[in-house]
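What TrEMBL says about this one:
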- 132-165: repeat 'TPR' (REPEAT)
- 175-208: repeat 'TPR' (REPEAT)
- 259-292: repeat 'TPR' (REPEAT)
- 301-334: repeat 'TPR' (REPEAT)
- 343-376: repeat 'TPR' (REPEAT)
- 385-418: repeat 'TPR' (REPEAT)
- 511-544: repeat 'TPR' (REPEAT)
- 595-628: repeat 'TPR' (REPEAT)
- 637-670: repeat 'TPR' (REPEAT)
- 721-754: repeat 'TPR' (REPEAT)
- 763-796: repeat 'TPR' (REPEAT)
- 805-838: repeat 'TPR' (REPEAT)
Amino acid sequence: MGAVFRILSVNLDTGTEAVTWRVKLKLTGEEDEELRTLSEHMRENIVYPSYPLASLARLMITMGNSEKAEHYYLKMLEDPDLINDFRNFAYIHSNLGLICTHVNERDKANKYFTKAIDILLQHLPETDLLLGVIYNNLGENHREQGDFDGALSYYSKALNNYELNVDASDETEIGILHNNIGLIYSAQHHYSEALQSYEKSLNIRQKFLPPNHPEIATTYNNAALAFYGHEDYGRAKDYYFKVLGIQQQSLPQNHPDFGRTYNNLGTVSHKEGNFQEAIDWYEKSLETLLKFLPSDHPDIARYYNNIGLVYSDRGEYARAIELFNKALEIRRKSLLLTHPDIAATCYNLAVTYHKAGKFEEALEMYRQSLEISLTDLTNNQAPVAKAYANMSLLYYQQGDYDKQIELSNKALKIQVNLQPPNYLNIATMYHTLATGLLKQSKFNEALDALKRSLDIRLKVLPLDHLNIAELYNGLAQTCIVMNNHTEAVAYLHKALSIELNSLPSSSSRLSITYNNFGAVYHQQGKLQEASEMYEKSLDIKLNILHSNDLSLVALYSNLASLHDSLEHQDKHTEYLTKILEIQVESLPSDHPDFAKSYTKLGVAQYKQHKFRDALAWYVRALQLQLKVLPEDHLDIATTYNNIALVYSQEKDLDKAIAGLEKALEIRYKLLPSDHPLISETCDSLAVIFRDHGKYEKAREAFEVSLHLQLKQLPMDHNRLADTYNGLSQVYYEQGHTEAAVECLQKALDSHQKSLSPDLSSLLMTYNRLGGAYYQQAKFEKSLEMFEKCHEIELKLHSPNDLEIAESLNNISQVYLALRNYDIAVYCFQQVLDIQLHCLLTNHPDLSTTYYNLAESFFRQGRFREAVQNMRQKYNVDSTNLPLNHSQVKEDVNTIAILEILLWYPSCSVVVGS
């Protein structure tokens, strides 16, 4: 009697017909000091010598047998001698409340606890120590119900009672309270405060409890969860190892609790990105549980599910799908078909199919998950909202933004009405909604959704929480799209400040922020600053990721775009090729992302005028898109558009028009009518109609584009100017010079309204206006336009560039028309100096300049200089043309006439007009 055994192992004996468990025990002696101390402590906590029935009831609670515990406590209420003592009476009600919490009867528990307090308050002051335990129990019940403010209120009352009765109070109860307060802070995501509470709890508990006591392990476990929530995975892992150490001292070697701790270690390793380590822990957990449970037990399915999640995140989608299907098979055999665990597995399968680019399979699994959850919407509102949220992302990727926004709003409606509401999920959903609104160019609505998300996070999270930094990044990205660079940079600095104070310099989050800085600077034209930020981002990623990690793709894409802006075409293509190499190693061959890479490589070839190569990439992209995407997907419209541009360059205008009309049809179907992509497609169509000589159709397309652009907010004045410019050319070709000039004036007005005018486009507008005014003989206005054009050229080019010569030539022609021959000669001479610096001495362009100088000198009566320049013109023309060419013959005639005038100035000869 009184012997204590240590359990070494518990195993199911499958070799017999009857269900038999074999338990291996070891008799402990006095030398097993740790176990003896633990047993003694538990005996003191359970046994009440004066009331054996109370001891039995307490033991039943400890063993988890709530039904028998309730039976014994209710039996005690029948003993008048026992309940005449108000302390006993209150004690019984308090413990009945505890039992109700164990079986999730929360309201009933609150009634028992409140009854116990009422009994005690009839005889004791509110600060009496006896009330502390019940206040703590009430706090726990409110915490479990999600009423954190109510819970903290009761915990504070309990703590106040203990601290006012410090001499008489049991410090272990204070330790429990600090632990419980820590749980509240953790649930509210105030992890620093939670950890302070856990530390207080441990400091107290370690004074009174043996080091291997389960309650010490519980607090370590809670601290680990707080570190996990704080994303300090290293410290979380340290505390889980402390839990494991206690279990190794106090539990049999293959106790199922080991499986749970292994699982927690797997979860941390998963979050750290140590996927193989996570798999090892999960498999160890699975191995432990398989010793206690049959292979088709629902708990086994859970671990298949967890391992599947790691493989899914590791990009090994086929293996993940295999494991999820194992879990699903077990759960469908052992659970009701409407069980939420089946819905969860379907959901995980959907997410993995989604990531693998198998959108149809993903949508089907989301629907199956949703169908199960909707059978009990009252209890499954959270998973229903989650399914809607993820389905919205799927439709987003398919380019169906109306459906994405519809599902986002459905998810949001559920989340807002959840009790207790998960404010962070609501904030995330506003963020998701904003992405769809951005795609529809509803910038103000998107910004409003993001600011709502930020407001929520600022209320429920510490100001330096990383989720707030993430939202600042999202707001910055929206401001980038809206060309609001100042606000974008301000948000990014806020994000960076939080991250630098909370994260190691190698954190992947910092990489995201640096990348966004790069995007802003790139858009501002600060290419050197953009390059520095992108390189910082890349350095971090390459230090923590494999060289073929998929998350490198977005950054390589940005670097490719930057080098495109720098006109480093080789580097541009190099980064695009790296992207394709990563995708080949990491994605199934029919993944839609391949089409995006093919498209970008096509664009790179197009810009290098390698039109055949560009067309090959575009066709490859289109073939894949038609296979894996809906036929009216926006990406397909983009590819039709790109193919059309190639055909336009190759003058196959019928095919170009057909491609653009297909692109326009899809875009009209999926986008708001005032979306920029629609007006851009109209512009492209108009240009091709114009080049085809179909001026009326070109005019109609340009006018549709203008109509749409004038409705857009914010208005893109640079694009508007380009469209007016394009329309002016149509009017010019039709001989409607006045209408052409009117369009060019509107283009100029649009440029002047732009906060950052496109100088190359503005240059073109000034140049065309100058030419139009020249044709109208409005030479003063023409000169003004050409001089403004020249000012811009001087900003964009060095003084000896040929572009400067071209603008000077236009100015010279106007001065020639104004009969200001001195300035005309001066300008033509500058043109000649630049050309002689840049071109070969027999370049055809020199012929024109020599002729212009000859004419100017002739107008001045300076025949000797006129003859000299005509002889230079003859030298150029006779080198480039046959001697019997009409131009060469005309040169000889002109020289002869000028020679006559030079030697016989009294002769009357008409040359030119």
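Yeah, the Cβs are placed from backbone N, Cα and C, and that goes for glycine too.
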Tertiary contacts of the repeat 'TPR' (805-838) (same chain, 6+ residues out, Cβ under 8 Å): 767, 770-771, 774, 777, 779, 782-783, 786-787, 789-790, 793, 799, 845-846, 849-850, 852-853, 855-857, 859-860
Other parts of the chain folded back onto the repeat 'TPR' (132-165), taken as Cβ under 8 Å at six or more residues beyond its ends: 90, 94, 97-98, 101, 106, 109-110, 113-114, 116-117, 120, 173-174, 176-178, 180-181, 183-184, 187-188, 419-420
Distal contacts, the repeat 'TPR' (763-796) - CB-CB under 8 A, six or more residues away: 721, 725, 728-729, 732, 737, 740-741, 744-745, 747-748, 751, 803-804, 806-808, 810-811, 813-815, 817-818
Cβ-Cβ under 8 Å with the repeat 'TPR' (595-628): same-chain residues at least 6 beyond its ends: 357, 359, 557, 560, 564, 569, 572-573, 576-577, 579-580, 583, 635-636, 638-640, 642-643, 645-646, 649-650
Intrachain residues whose Cβ lies under 8 Å of the repeat 'TPR' (175-208), provided they are six or more past its termini: 136, 139-140, 143, 146, 148, 151-152, 155, 158-159, 162, 215-216, 218-220, 222-223, 225-227, 229-230, 424, 460-462, 465
Residues of the repeat 'TPR' (637-670) by DSSP state, where helix covers H, G and I: 31 helix, 0 strand, 3 coil
Within the repeat 'TPR' (385-418), residues counted as helix, strand or coil by DSSP: 30 helix, 0 strand, 4 coil
Sequence-remote partners of the repeat 'TPR' (301-334) [C-beta within less than 8 Å, at least six residues beyond its ends]: 263, 266-267, 270, 275, 278-279, 282-283, 285-286, 289, 341-342, 344-346, 348-349, 351-353, 355-356, 550, 586-588
